[in-house]
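> So that we are looking at the same thing, I have put the structure below in structure tokens.
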Amino acid sequence: MPMRNALLEAVLATISQGIVVTDEHSRIQFCNDAFCTITGYSREELIGQPCRILQGPETLEETRAAINKALEERREFSGEILNYRKNGETFWNDMVITPFENAGRGLKWFLGVVRDVTERKATEERLNYLRAEFQLIFDEVQAGLVLHDTSTTIIRANPRAKELLGLDRDAEGMDASNPYWDFVDSKGEKVPQERFPAMTVLKTGQPIKNLTLGHRDETGKVRRWLLCNASPVFHKDGEMDGVLTNFVDITHIREAEEEAKQSRDRLELATSAGKIAIIDWDLETETAWTNDQFAHLFGVSLTEDLDRDRMIRVLSKTWEGENLVARVLALLEGKETTFKQTFTYRRPCGEYAVARAHATVFRDQNGKAIRLAAALYDVSDVIDADTKLRESEERFRTVANLSNDVVWEWDILENYVWRSDGWEKLLELDEKDPPGLTSWEMRLHPEDKERAKAHLLEVLASDKSEWSTGYRMLTSSGAVRIIEERAVLIRDVTGKPARAFGSISDVTERTEVEARLRRAESLETTGRLTGGIAHDFNNMLMVILGNAEILRELELDADAQEMVELITMAAESGARLTKQLLTFSRQQTFSARAIDVGNSLQEIGKLIRRTIPANIEVHIEPSENLWWAYADQTQLENAILNAAVNARDAMEDGGTLRIAARNTFISASSKSHPHDLQDGAYVELVLEDDGHGMTPAEVGRAFEPFFTTKPVGVGTGLGLSMIYGFAKQTGGTATIESRLGEGTTIHIFLPKAENTPTESVDDDQADVPKKESLSLLLVEDDVNVSRHLVRQIRRWGLEVEAAADGASAMQKLQDKKDFDILLTDIVMPGQLSGLDLAESARASHPDMKIIFMSGYAGDSVKHKALERSENFLQKPFSNARLKEVLLEGVVGKANSE
């Protein structure tokens, strides 16, 4: 037995594999030398130790569990586990554990056979890495890769190959006979199967380099152009194992080449059609190329070797003058890259002509000329036409400079603008503007600049051939000029805008006159409207005032009397308002006479100084030898007072009010000639303040009734409109100037009085009429006014008959011959107005007293019949005023009898 154990140990010692025996609790009972070598432990260190002494933190828990489970189930375990040597190094252990039982006594021990497979594992990991890296490269490379076996069957194809060839994922297994493969060569001819790259390599055993193929789709159209390379793949024994084909997509290159070819063809067509000669001279290879047009123009064809000396000889024979040849040589030797020159040459027929050359030199990085390209074309006809054009333009510019308008010409392609001399005069320029379009843009009014530029761009982008527009420009002094422009557009053969011709007219004065005329017409229309309103309003006030006066004569208690007074004051206030409206509309009856304006200003100045705050200085400045004016004294004073009140309100923090008067002659040549004023002599009143002023928009509406810049509830908005109406009614006018923050100036023009008035003597007081009763015919279309007047006149003891219109009044005059007084409204319905009725009445009743009344009389106010104020009653009038006028009529009638 000892001998057998010794023999067993000797055998185990010679085995290269590690042998270990453990008890049923996995404690080591025996191990051979190989096991000690593998683990780094001595036998003494291992005996009695549990097997887990060889395990560590990186030992997989799953492997430990698998070993423990096998031991518990008393079965064999085979597998790999990461163990630790004594020095802490890890090693891969490929082991087999086998359980052994003592006969009839159950489990006795476990036998483990151990192999160190660390190097093998490292080799496997390296191999797996290389395989993964190869697969990554194979899959991600931008070239298509296809591996064929010796039967041309596809063994493997990377994704790029499938994409370029339009293959699906199951491309493996296809061979060269598949009808899907439809290739053409670089000339577009079909490639037969036997000339496919894989087939050719399998036949010859030689690689194929840079073969261009086009892969066609089912419609026969080339879907992609490919540059192919194919190489044989050999087995280690030297036998061909297959073919590796790679290809890249060159579709874009082919398309670029095709475009370049088309461009060359188009260039040849274009140069031929345009009679442009082309020369391309390669100085390094000393070769030249010229197109057909070159030979046509110059009679030579340079499509051969051409050194510098021969080129110069050819040029000297063909192109006249040493200057051009010298320019070419200087260009080649110098640093310039381009030149342009017009030169004389001899045509093949022998006659001389003129050509234009545009040349470009290409240089290497050292500046040496390596290539020259030039375009040449005959310009004989152009030069001849240009000469004629210059002569025509000279005539055109001479005529243009004689015109009041600014005439201009714009070369759109060169952005050159020529303008006649009127441009500098129009814009007050001391020197010539630069010739481009920029100077026009610079002088556009800021508010019109974008609109004017946008309109120009719109015309250029459209198919219009002419346009007209308007805008404002600023002179060098800042003055505004209103421009009216008309132009025509000339296009080239392609329809592209090439030139434009136009004229600029300064319509500033015309526009201002038109604006003033429109404003005057607007004010005239507004005046007629306000006059009509005042007519109806005056009729209502007439009834209110008349009845209020009757009530005042009654014995009323204090409260009732106070209410009557309130009614009277309100009606009188309304009457004043309508009077202002009528003044604006120039329908207010006024007593025009010669008045001393200078004296009137001094008197009204006293009132103004008492009315205006002390922080406002008032200067009254009538000029010496001031003329008398023809106007209504009362309305003149009201106009000046209204202007003064407006000035006061505009100078809340104080200021200066200047009221001046001067003699003025108005003619068409006057510097500031009011458009609505006839030529003649006028007394001009100037009322100037330095208040807050008005905007241009406010100035434009200043004379409109009810327009005001004052806060709500302040003023009626009729002050300035009354001034305007008063001035127009006298035969003059009124204008206004104002700048925001600088103040306002009002000009009132009154006609010069023809004669200075003399003192008049009042008539003796008329005797009381002796006739017991007088008869009066009342003509009034307003029922309420008529009823009121009839009742009031009868209270005074006069007989009254009423008519509603001119026709019925005429009938009454025919029926009754003894009317003493005719009291008639002027504006009435029907064909007969009050004036017409009066003319007819004078014919049939020559002794009858005629009295007119009206709340709005229109232009008839100016009729000669109204020149005497005692013949007219302005509605609304009081009972006292009516009685006064009637009494005058009664006295006159009685005295005449």
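Counting starts with 1 at the first residue shown.
Every residue, even glycine, has its Cβ placed from backbone N, Cα and C.
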> Which residue range, 60-87, 172-199, 760-787, 844-871, is the one TrEMBL calls coiled coil?
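The listed stretch tagged coiled coil in TrEMBL is 60-87.
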> Count the other Cβ atoms sitting within 10 Å of the Cβ of ASP825 (4-aspartylphosphate), across every protein chain shown.
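Other Cβ atoms found within 10 Å: 26.
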> Summarise the domain 'Response regulatory' (775-890) by DSSP state, stating how many residues are helix, strand and coil.
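Across the domain 'Response regulatory' (775-890), DSSP assigns the residues as follows: 57 helix, 24 strand, 35 coil.
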> Just to confirm my parser: what is the rounded mean pLDDT across the domain 'PAS' (4-74)?
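Over the domain 'PAS' (4-74), the predicted model scores a mean pLDDT of 85.
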> What stretch in 4-74, 75-129, 775-890 has the biggest tally of Cβ pairs under 8 Å against the domain 'Histidine kinase' (532-754)?
775-890
